Amino acid sequence: MANYFNTLNLRQQLDQLGRCRFMDRNEFANEADYLKGKKIVIVGCGAQGLNQGLNMRDSGLDISYALRAEAIAEKRASFQRATENGFKVGTYDELIPSADLVVNLTPDKQHSKVVADVMPLMKQGAALGYSHGLNIVEVGEQIRKDITVVMVAPKCPGTEVREEYKRGFGVPTLIAVHPENDPNGDGLEIAKAWAAATGGHRAGVLESSFVAEVKSDLMGEQTILCGMLQAGSIVCYDKLVADGKDPAYAGKLIQYGWETITEALKQGGITLMMDRLSNSAKLRAFELSEQIKAKLTFLFEKHMDDIISGEFSATMMADWANGDANLLKWREETGKTAFENAPKYEGKISEQEYFDHGVLMVAMVKAGVELAFDTMVASGIYEESAYYESLHELPLIANTIARKRLYEMNVVISDTAEYGNYLFANVATPILAKEIMPTLQKGDLGEPTPTVEIDNITLRDVNDAIRNHPIELIGQELRGYMTDMKRISSH
């Protein structure tokens with residue numbers, strides 16, 4: 001199979017990368033009606049599989065789970081999750097032939113095997129759904145021409161998809177139809193109904209493409225969402241301890257600091273995050289973020305280039321074929337880092353202290369978010385997609401570190417994201433350690449920034465630069481839309 005994106009000509013590639021339309025709420029007036037009375041079979045019952053299924057059932061759809069015969073016989077975790085929640089469970093042979101929509105929510109590396117197993121069982125004119133397009137775009141999976149292929153990609157972990165639905169809301173979602181597989185012309189209707197059934201239409205839906213979703217998703221998770229947090233955690237902890245700080249305090253400052261700092265992003269973007277700092281600290285964080293950008297721009301661009309060309313996916317798939325040798329080695333190395341093994345700190349750190357003692361961390365977040373966004377946009381990805389794949393998802397990933405440090409982050413994210421994270425962090429960590437950490441000043445990390453004389457013009461210009469970055473402008477628009485949607489949904 002050939003990488004699908006690489007089979008397209010340049011015009012087609014640019015068209016697919018640039019697919020991004022914010023859908024109007026009235027386009028979802030019929031909500032999930034298009035799929036009511038149809039049989040929907042979900043393959044896989046992990047976080048996305050279970051939680052999307054729960055939402056879809058609560059929206060009035062007929063949901064069952066197709067699992068491997070051995071998973072049922074051995075009562076594996078997927079079988080237990082599905083049965084404990086009252087779902088019908090059966091083998092592929094039992095459930096797939098009658099399915100109108102088969103939703104493949106297994107891990108990326110299992111997709112080719114799953115498709116090979118289910119496609120011969122699917123009835124003429126059925127639909128196949130994904131929540132991530134790697135199998136179609138990077139693997140180049142060829143789907144039978146009578147089958148409609150759609151994607152609904154919630155921009156959150158599965159648990160969040162469920163929690164927001166229970167609150168009467170939803171999570172921002174990308175939907176797409178594979179242009180090679182829309183024989184009846186109703187792919188968009190299927191995707192819209194599926195997105196509405198998960199609650200996504202209440203938070204905002206982008207009509208995108210498989211290509212745009214895959215390329216932007218890979219870029220976000222490799223760089224700012226996971227790679228930057230991993231590299232930043234390791235170098236910040238090592239620096240604090242080297243400076244004589246209590247290892248337990250250092251561990252807590254980093255572990256919970258990312259979540260506290262990025263929570264401000266959710267409410268008011270980079271502007272609000274920077275406004276949590278004193279003027280002296282804000283100017284210093286801005287300066288540090290520019291220094292970090294200067295050192296890491298090439299790495300962000302390399303990751304984007306390798307994602308666009310298919311080099312990244314080819315390298316990762318070679319590791320799949322080698323029994324995940326590199327992935328498992330890097331996972332083990334991460335588990336041995338000093339930060340992962342830091343002692344527990346029993347003392348309290350106030351919310352403001354995380355900002356005041358984490359100026360470098362704020363700078364890393366700012367630099368990483370802006371670099372990821374700018375690099376995606378420069379590669380033809382629309383601003384809305386780039387926003388969701390950088391700033392929007394960051395607080396959700398930071399929350400996983402708050403739970404159980406880097407281990408938890410790497411368990412929760414997909415193996416695809418984890419592999420890309422290590423590729424980035426393995427290069428970024430030594431660069432930050434050698435090029436940035438030795439230049440730090442008193443107050444950059446672990447203690448407050450000393451108050452300095454503030455020049456009005458300088459402060460004005462820095463504030464303008466922060467507020468007028470393109471990610472702040474599109475972010476304000478998209479967060480405003482989500483707030484409006486939440487207000488409408490609560491009435």
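Just so it is clear, glycine is given a Cβ too, placed from its N, Cα and C backbone atoms.
Annotated in Swiss-Prot:
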type     : residues                                                                        : note
DOMAIN   : 14-208                                                                          : domain 'KARI N-terminal Rossmann'
BINDING  : CYS45, GLY46, ALA47, GLN48, ARG68, ARG76, SER78, ASP108, LYS109, GLN110, GLY158 : NADP(+) binding site
ACT_SITE : HIS132                                                                          : active site
DOMAIN   : 209-344                                                                         : domain 'KARI C-terminal knotted 1'
BINDING  : ASP217, GLU389, GLU393                                                          : Mg(2+) 2 binding site
BINDING  : ASP217, GLU221                                                                  : Mg(2+) 1 binding site
DOMAIN   : 345-485                                                                         : domain 'KARI C-terminal knotted 2'
BINDING  : SER414                                                                          : substrate binding site
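Features recorded in Swiss-Prot, as mapped to the structure shown.
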residue: ALA47; record: NADP(+) binding site; CB count, 10 Å: 18
residue: ARG68; record: NADP(+) binding site; CB count, 10 Å: 20
residue: SER78; record: NADP(+) binding site; CB count, 10 Å: 21
residue: LYS109; record: NADP(+) binding site; CB count, 10 Å: 21
residue: HIS132; record: active site; CB count, 10 Å: 24
residue: GLY158; record: NADP(+) binding site; CB count, 10 Å: 22
residue: ASP217; record: Mg(2+) 2 binding site; CB count, 10 Å: 26
residue: GLU389; record: Mg(2+) 2 binding site; CB count, 10 Å: 28
residue: GLU393; record: Mg(2+) 2 binding site; CB count, 10 Å: 24
residue: SER414; record: substrate binding site; CB count, 10 Å: 19
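Cα-Cα distance from ALA47 (NADP(+) binding site) to GLU393 (Mg(2+) 2 binding site): 16 Å (rounded to the nearest whole number).
Annotation for CYS45 (NADP(+) binding site): spatial neighbours GLY53, TYR65, LEU67, SER78, PHE79, ARG81, ALA82, LEU105, criterion Cβ-Cβ under 8 Å with sequence separation of six or more. Comparing C-alpha positions, ASP217 (Mg(2+) 2 binding site) sits nearest to SER414 among the binding-site residues ARG68, LYS109, SER414.
The shortest Cα-Cα distance from GLU221 (Mg(2+) 1 binding site) to any of the recorded positions (ARG68, HIS132, GLY158, GLU389, SER414) is found for GLU389.
Per DSSP, the secondary structure of the domain 'KARI C-terminal knotted 1' (209-344) breaks down as 115 helix, 0 strand, 21 coil. Residue counts for the domain 'KARI C-terminal knotted 2' (345-485) under DSSP, helix first, then strand, then coil, are 108 helix, 0 strand, 33 coil. For the recorded site, LYS109 (NADP(+) binding site), the DSSP three-state label reads helix.
Using a 10 Å Cβ-Cβ cutoff, GLU221 (Mg(2+) 1 binding site) registers 25 neighbours. Annotated Mg(2+) 2 site ASP217, GLU389, GLU393; additional same-chain residues within 8 Å of its Cβ mean position, judged by their own Cβ, are LYS155, SER216, MET219, GLY220, GLU221, LEU225, TYR388, SER390, HIS392.
The secondary structure of CYS45 (NADP(+) binding site), as reduced to three states from DSSP, is coil rather than helix or strand.
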